Amino acid sequence: MPSAFQFQCHLVLIFLAASKGETRYLEVRDAGEDDPFLLLSEDLKRELSAGQIYRRSLRCIDMLSIEGQFTFTADQPQLHCATFFIGEPDELITIHYDFVDIDCQGGDFLKVFDGWILKGEKFPSSLDHPLTTSQRYVDFCESGNIQKSIRSSQNVAMIFFRIQLPGNGFTVTVKKSSNLFPCNVISQTPSGRFTMVIPHQHRNCSFSIIYPVVIKISDLILGHLNGLFLKKPSASCAGVGDFVELLGGAGLDPSKMFPLADLCHSFHGSAQMKIGCDNTVLRMVSSGKHINRVTFEYHQLDLQETETRKENSIEEFCFPSI
């Protein structure tokens with residue numbers, strides 16, 4: 001049975017599908033079609049293609065992956081609300097306050113968080129983010145007009161808010177910009193292909209896939225010799241400044257996940273692994289001494305694949321949770 005974390009994450013991704021338009025704009029999508037605009041009605045397609053700003057109301061719990069102007073107006077006291085924002089892996093998200101009418105003195109709040117939080121777990125983790133946890137929060141009630149625009153450090157961000165008086169609310173404009181070297185990423189889909197490059201930077205970067213997956217690493221450049229090492233109690237990449245690790249677990253924070261495999265050295269070829277966890281993360285640790293690069297592809301793991309396990313696969317770990 002799926003875990004509570006997996007259910008909540010999949011619920012968020014359902015909101016993501018709806019956020020390609022509003023729920024009423026959703027249409028039946030044929031299997032195998034990759035164009036996200038197939039999810040939109042003809043009216044909305046024409047509106048977006050004409051360069052008009054997309055506008056709609058926000059729900060208390062919502063998900064957005066499209067640029068536009070979005071308004072929340074409370075029709076009753078709303079105490080625990082959040083909007084999740086997500087872009088493509090190579091996009092950053094800017095949230096601009098156009099209008100805010102909330103009672104800060106009466107206990108209302110409106111906060112942007114640089115990343116995602118789910119059940120108290122953060123992405124990116126504190127180990128992988130350039131800012132401290134307190135710096136990742138921007139509270140409108142504290143900053144006011146001082147900081148009306150907030151840009152994320154990766155392809156995800158979110159807003160927390162509490163609005164107690166009916167009629168109060170806010171309006172934000174969401175825009176996206178290109179990120180030349182994407183670092184921390186949450187995948188919008190259960191399948192894809194991605195190349196992560198860290199150019200002489202001392203930082204850690206995680207790519208999170210909120211599904212059980214088959215992941216195939218086809219190219220890894222770390223400036224070392226060849227080799228692949230599965231994680232064992234006595235064997236790891238400890239002491240090596242540049243490496244890639246595969247993590248699996250049932251939460252959002254990579255620092256709290258179980259290490260499955262270390263890849264300490266460059267190789268060209270194929271290393272395929274099956275990971276049956278609710279969340280799979282490929283994490284690159286970089287010393288800043290090299291231009292590190294990893295190319296991988298992934299697709300959702302099904303029950304039939306868990307029964308046919310091949311060499312170079314992670315056996316047993318997490319499979320009972322599928």
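Cβ atoms here come from the backbone N, Cα and C positions, even for glycine.
Where the annotation comes from TrEMBL, it is an automatic prediction and has not been curated.
Annotated features, as they stand in TrEMBL:
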type	residues	note
SIGNAL	1-21	signal peptide
DOMAIN	52-177	domain 'Corticotropin-releasing factor binding protein N-terminal'
DISULFID	C60-C81	disulfide bond
DISULFID	C104-C141	disulfide bond
DISULFID	C183-C205	disulfide bond
DOMAIN	185-306	domain 'Corticotropin-releasing factor binding protein C-terminal'
DISULFID	C237-C264	disulfide bond
DISULFID	C277-C318	disulfide bond
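Each of the disulfide-bonded residues C60, C81, C141, C183, C277 was scored by the number of other CB atoms within 10 Å of its CB, and the largest score is that of C277. On a Cα basis, C81 (disulfide bond) lies 42 Å away from C264 (disulfide bond). Note: the Cα of C318 (disulfide bond) and the Cα of C104 (disulfide bond) are spaced 44 Å from each other. With respect to Cβ neighbours within 10 Å, the disulfide-bonded residues C104, C237 differ, and C104 shows the lowest count. Secondary structure of the domain 'Corticotropin-releasing factor binding protein N-terminal' (52-177) per DSSP, as helix, strand and coil residue counts: 10 helix, 67 strand, 49 coil. The separation of C183 (disulfide bond) from C141 (disulfide bond), Cα to Cα, is 30 Å. C81 (disulfide bond) sits 16 Å from C104 (disulfide bond), counting Cα to Cα.
In this view, C205 (disulfide bond) is surrounded by 24 other Cβ atoms within 10 Å of its Cβ, with every protein chain counted.
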